[in-house]
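K.L.:
Pasting a structure here, questions to come.
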Amino acid sequence: MADVSCPTSLVSLGRALSQPSLNLLETNDTSPTTSQLHPCRRRKLSSCSSIENGDPVTSLFADESRVLVINTGGTIGMTLHDNVLAPKANALVQSLRKLPILHDELYAHQTSMYQYYGSENSLVLPLNKLNRRIIYTILEYSPLLDSSNMTTDDWGRIGKDIEKNYENYDGFVILHGTDTMAYTASALSFMCENLGKPIILTGSQVPIYELRNDGRDNLLGALLIAGQFVIPEVCLYFFNKLYRGNRVTKVDAGSFNAFSSPNLAPLATAEVDISISWDTVWRANTTAKFQVRTELNRNVGLLRLFPGITASTVRAFLQPPMQGVVLETYGSGNAPDNRPDLLDELKKATDAGVIIMNCTQCLRGTVSASYATGMVLMDAGLIAGGDMTPEAALSKLSYILAKKELSLEAKKKMMAENLRGEMSANLDGAKLCLSDSQFIQVIAKSLSISCKEELEAIRDALTPPLACAAAKIGDIEALNALKEMGSNLCLGDFDGRTPLHIAACEGHFKLVQYLLSNGASVHSKDRYGDTPLCNAVRFRHKDVVKLLRKTGAHFSREQIEEAGTELCSLAASGDIDGLEIWILAGADLNKPGYDGKTADQVAEAAGRKEVVMFLVQLKGTKSMTVFGEFNEYDEYDDDDENSDTIEFTAIPTEN
Ligand SMILES: NC(=O)C[C@H](N)C(=O)O
C-alpha cells in the first residue's frame, strides 16, 4: 500500500502543480493547425438517417446529449380496456410531445430538430440547470408488454438494441413494467460486458396518461441522469432514487416507492439537486470493448425453503434439465441440519453438476457459515451467494451457465465472484478510511475541520486536480496513493477534464492503461465536449489512440461527418502521419470535406502523389468505411499495444 504522506508522491504532485496547468497549455500553446482543431468546436448541421434504420445521428450541438429510450411496455404506457390496464401502442410519443416538462417544441422547431434527427420519435427536454439539452429518441417495441409476460428472449432483444445503437447515444433508458423490472435489470447487468455508458430502467405504478402519476417524474429523472452523467452501470431509477440494477427488488405493489435496494445504498438521489454517490458507482476496470452476451440458459430456477418441505419436492425440482438453482434459505443461509433426506437430495444434485446458490430469504443481510445449519449446506456443495438478491443470483446463473467455453469449475468460481457489484466485497480488504490519510488530515487540521462530511468535501475538492497533475507527469505511484485515500480517479477537474484526458494528451500509455483498469471512462467529456480520444488524436499519440479504441472509444457521428474536412486538409498539406492517426481513431476516408471532395481527390488536385498512393492503398482495404468498428489494422498488433508503428504496407514516396 502506498503511503499517502510519502514525500515522493507529494513532491511529484507539487512538481506537477508548479507546471502550467493543462488548461493554460491548451489555450496558450502555439495556435493549433487546422488538423489540431477538434471537429466539436466547428458546429455544422449534417444529413442524417433515422432510428428505424438503427442508425440515428449524434447531437446537433456540443452541449447536447443523446439518450435512446427503449419502450418495452409496463404500466407507464397503459390505459384501461374493459376495466383492466393494458399497454397502448403508438401513444407515448404524441402524449409526451404535449408535456412541456418533457418536450420543448419551440427548440425542436427552431433547430429543425426533426429534420436533423430524421425521426418523428425524437423529443427534447427543456434546458436544464447545467445548460444542457437532452435529446431523446423513443424506440417502441411491438407488442408492448406487461412485464409479467417477459422472457429471456425479451432481455436479449433489449441487449441487442443497446449494442446496435451503443455508439450513437450517451445513455439508454428502458421503460419497463415494474413487476419483473428487477429481473431484467439484473440480467442486463451481466449481459452487458465492459459497459461504459448508463443504462437506466424505469417505469411507473400509475400510467403517465393519468392526472396523478409517477411516470412523468420517473422518466424525467432517468433521462436527466442518463443524459448528464457517465455512470457505467445498469441502473434502476424509481421514486427519486437511482439504484444499482442487480441490487433491487420490488417491495410494494401499491406505493410509488416500489423498489428497495436492501444491501446497497442508492447510487444517486434526486432531491433539490441530483447527487451522485461516485464512490459507490461500479466500473468495469477494463480495456476491453463493450459487448452484449445475449445467450442465456433457461434451465435455472428458484426454490424457497419452508418448514416441512418434502425431499420428493426438492428431488423433483432438481431433476434434469435443471442446471442451476437458487435455494432461498433461512436467515444467514441456513437449512435444517436434522433432515438428511433433504441434504442428501441437494448433495446428489451438486455431485451431478447442478450449481446451487445459497441465498437468504431475508430482505437484508448476507449468507455466512456461522451456524451448523448453514455449514451443512456448504458440505452439500452449495455456493454461498453472499448478499445477492434472488433475482440477481438467478440471472447470474442464467448468464454464466450459457458460457459454453467455461468448465463447470470455472462457472462455479464465477458464481462466487463479484462480477458487476451484485454482491458486497469481502470486508477483509476494505479500503483505507478517509481519516487514515495523513495528507487530508493535515489540511483538515489547518482548516479546523473534523467531521466526516467536511473531510470528504475537502478530499473531493482536492483530489481531482491532484490526480490530473499526477497524470500530467505520468506518476502512477501518486495516483495509486490518491486511490488508496479513497479518491475517485474518474472525477473531472473544474473543466470536467479527468486524469484520462490528461494522460491521453500527454501520451502516457502505461498511465492510460492503469486508469482504464481502475474504472476511468473513455466516454467522459470535458466542458468543451472533448473525450480522451479527441485529446490523443490532437496530440498524435497513436498507441494511446489504439488502446482507447480497443476499449470502445469512438468519435460521435457528427465528428465522423466533420472529419472529412480534416482529412482533406491533412491530405492537402501532405501530412500522412496526421491522416494515419485520424483514420486510426475512426475517421472515414470516404467522407467528403465541406466542398464535397474526398481526401484523395484533394491530394490529387494538390499534386500530393505520395498521399494519393497512401490513400489508394488504404481504400483498397475494405476496413476504411467502417464506423464504430475497429479498422483492420487495429487488429494487426492487438497484442502489441505499446507498439508505435501501424502496419501499413510500405508506400514509396515521390516528390
Ligand atoms: N407497475 C407496473 O408496471 C406493473 C405491470 N403489471 C407491469 O409489470 O408491467
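For all residues, glycine too, the Cβ spot is worked out from N, Cα and C.
Bear in mind that TrEMBL entries carry predicted annotations, made automatically and left uncurated.
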K.L.:
Given that TrEMBL annotates Thr178, Asp179 as binding substrate, state which candidate in Ser147, Ser186, Ser189 belongs to that site as well.
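P.N.:
The one candidate that TrEMBL places in that substrate site: Ser147.
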K.L.:
Please report the distance from the Cα of Ser147 (substrate binding site) to the Cα of Thr178 (active site), rounded to the nearest angstrom.
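P.N.:
Per the Cα atoms, Ser147 (substrate binding site) and Thr178 (active site) stand 7 Å apart.
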K.L.:
To see if you understand the setup: which same-chain residues, six or more apart in sequence, place their Cβ under 8 Å from that of Thr178 (active site)?
P.N.:
Gly74, Thr75, Ser147, Gly203, Ser204, Gln205, Phe238, Lys250, Ala258, Phe259
K.L.:
Name, in the order they occur in the sequence, the residues of the same chain whose CB lies under 8 A from the CB of Asp179 (substrate binding site) and which sit 6 or more residues away.
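P.N.:
Correct list: Asp146, Ser147, Ser148, Lys250.
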K.L.:
Which residue counts does DSSP give the domain 'Asparaginase/glutaminase C-terminal' (299-415) for helix, strand and coil?
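P.N.:
Tallying H, G and I as helix, E and B as strand, the rest coil: 47 helix, 21 strand, 49 coil.
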K.L.:
Using the CB centroid of Ser147, Thr178, Asp179 as the substrate site centre, which other residues of the same chain sit with their CB within 8 A?
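P.N.:
Those within range, site residues removed, are Gly74, Thr75, Asp146, Ser148, His176, Gly177, Thr180, Met181, Gly203, Lys250.
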